[in-house]
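Among the features that Swiss-Prot reports, region 'ABR (APC-binding region) domain' is placed at 73-126. Here Swiss-Prot flags 113-145, 257-282 as region 'Disordered'. Annotation comment: Swiss-Prot describes 194-253 as domain 'SH3'. Taken from Swiss-Prot, the feature domain 'DH' applies to 284-468, supported by sequence analysis. Sequence annotations record features per position, and here Swiss-Prot assigns domain 'PH' to 499-606 based on sequence analysis.
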Amino acid sequence: MPWEEPAGEKPSCSHSQKAFHMEPAQKPCFTTDMVTWALLCISAETVRGEAPSQPRGIPHRSPVSVDDLWLEKTQRKKLQKQAHVERRLHIGAVHKDGVKCWRKTIITSPESLNLPRRSHPLSQSAPTGLNHMGWPEHTPGTAMPDGALDTAVCADEVGSEEDLYDDLHSSSHHYSHPGGGGEQLAINELISDGSVVCAEALWDHVTMDDQELGFKAGDVIEVMDATNREWWWGRVADGEGWFPASFVRLRVNQDEPADDDAPLAGNSGAEDGGAEAQSSKDQMRTNVINEILSTERDYIKHLRDICEGYVRQCRKRADMFSEEQLRTIFGNIEDIYRCQKAFVKALEQRFNRERPHLSELGACFLEHQADFQIYSEYCNNHPNACVELSRLTKLSKYVYFFEACRLLQKMIDISLDGFLLTPVQKICKYPLQLAELLKYTHPQHRDFKDVEAALHAMKNVAQLINERKRRLENIDKIAQWQSSIEDWEGEDLLVRSSELIYSGELTRVTQPQAKSQQRMFFLFDHQLIYCKKDLLRRDVLYYKGRLDMDGLEVVDLEDGKDRDLHVSIKNAFRLHRGATGDSHLLCTRKPEQKQRWLKAFAREREQVQLDQETGFSITELQRKQAMLNASKQQVTGKPKAVGRPCYLTRQKHPALPSNRPQQQVLVLAEPRRKPSTFWHSISRLAPFRK
């Protein structure tokens, strides 16, 4: 937006000098400006009088006169006032094709209203090109409820669609939560009008707080209040409470026709009603397809920002980041970016622009099904990335560097760990999108079978990734448990095992004296560990041995006299190895306990076979890191109860006191997955009891 000369006579030089001296080079008051200011100040102190060489390609700025500064300040105040008025005028409901749209003014960044930048030496922790950074001017556009602009309305004002897309996402996209920008206004308007707004849970929200709403991944939540950006008030069944807005995905079609509203057959009006209902269903399918394409474009832009804004800048600073650190922080996100670009290109080719509801997108998901499995590696590495980022951000130079990278790429105000969480969120969102697409796809549609198969395939991919993620989270718990066992012998448990299947107290009958011993048994994949309880301190366990489950046969024994040991047995079973003839007789106190153990042995064999088929394994680095973490956390006396894994999202509740403990919530889950028995089993271990 070009500057305009103010009407009237320009003030005298003395007046302009007075205005200039009243505000001498003030620090910017916004967070992004503060970081840039800090970077420039640090670099100025670092060089200590050395004249920096002018970077190639950067034009020298001409001196700024006092009169120019006064004019610029006057125009800045005028623009700020005008922007404030325009925002009030343009925020309002606009109806188009029966869909509520919202006029949303994208306010010019305050940084573009500051004084012109002078030539400053760059900080040693600043990414290259920081002095090229500037904020483009934006014009108001029409924002749809999903945050996408209506390009038809403002194409003439803004320019090309590509420029419009880049400008939009440099200022107002909403990766962190679904209620960004105009979407939040639309939600509250619908709620105030009495409409029912529904959202689908992306992940489990597990909470012990009676003011928060717990739900499972895939549950449908009625949003009752969305005035807060981070926490919404909702209802599931008979329960109401607060829940994180980032944990849900708003349904594309909120006003769905009820089944009982279908027209009655037998007259011409019914035929017209049937055609109208089909047209409505086609429109809803169009909405879902548009959402899939829109979110994919957003996601590609997001991945490009990470790869170009962070990864590329970090590689230029070999003095700050090693290759191993970069692999830990960013994982294989560049591979994901390449695969997603090919996937989006395939979606665009199959998109019917004239009649979007006839688009056939299911085949695209099937063709790229194998490519989506690379998300497994990324999701498995993400906890390590969080740990490494937490360690680096304790140093101020890394905080400044990451913030400067974000500013240079013109990304929204979210920390790097928040950006890196998006691929994990994305892979969990595909099954929900495909399920909604299948819902509005007629069985006679050419895309019906492909969408149905794609939904099944993406559920399997998400389930596989979720299972691997859960297993990797368990290894820290297993390492901590092993470190609490006294007199441990032999190799570490994690060398062969990664999950606790079952645990409990059994009576072990030894040969040849047929002596009975009470022992605590812990069944892991590939091995069975047994320990002895301390006579005085029952929470202390002593290692006594282990059995290799590979090659062992579990034999169910009837009550009566054992032929080998010649003793009476009850609720017993035998672990027998045919190759060596080794035999171990174990007894439970109750028949139901025996049945649970027999089922646990069957699950252990199934788990081992599944790991072999899927190629799941724990790397040497992961084992060493888990054992190192366990050694650091080991304390004398009774170990404290272990909380949930580090791969968690912590949210601040707006309606609760700030000193209240924040509830940890697992952020990776598959809708309606089979409940894990790990937490139930691990709670039975003595070190994890309170």
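Cβ atoms are placed via backbone N, Cα and C, with glycine included.
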Does the domain 'DH' (284-468) reach the domain 'PH' (499-606) with at least 3 CB pairs under 8 A, where each pair is 6 or more residues apart?
no
Is it possible to list how many residues within the domain 'SH3' (194-253) are helical, extended or coil according to DSSP?
3 helix, 29 strand, 28 coil
For the domain 'SH3' (194-253), the mean pLDDT of the predicted model:
81
Could you break down the residues of the domain 'PH' (499-606) into DSSP helix, strand and coil, giving a count for each?
16 helix, 56 strand, 36 coil
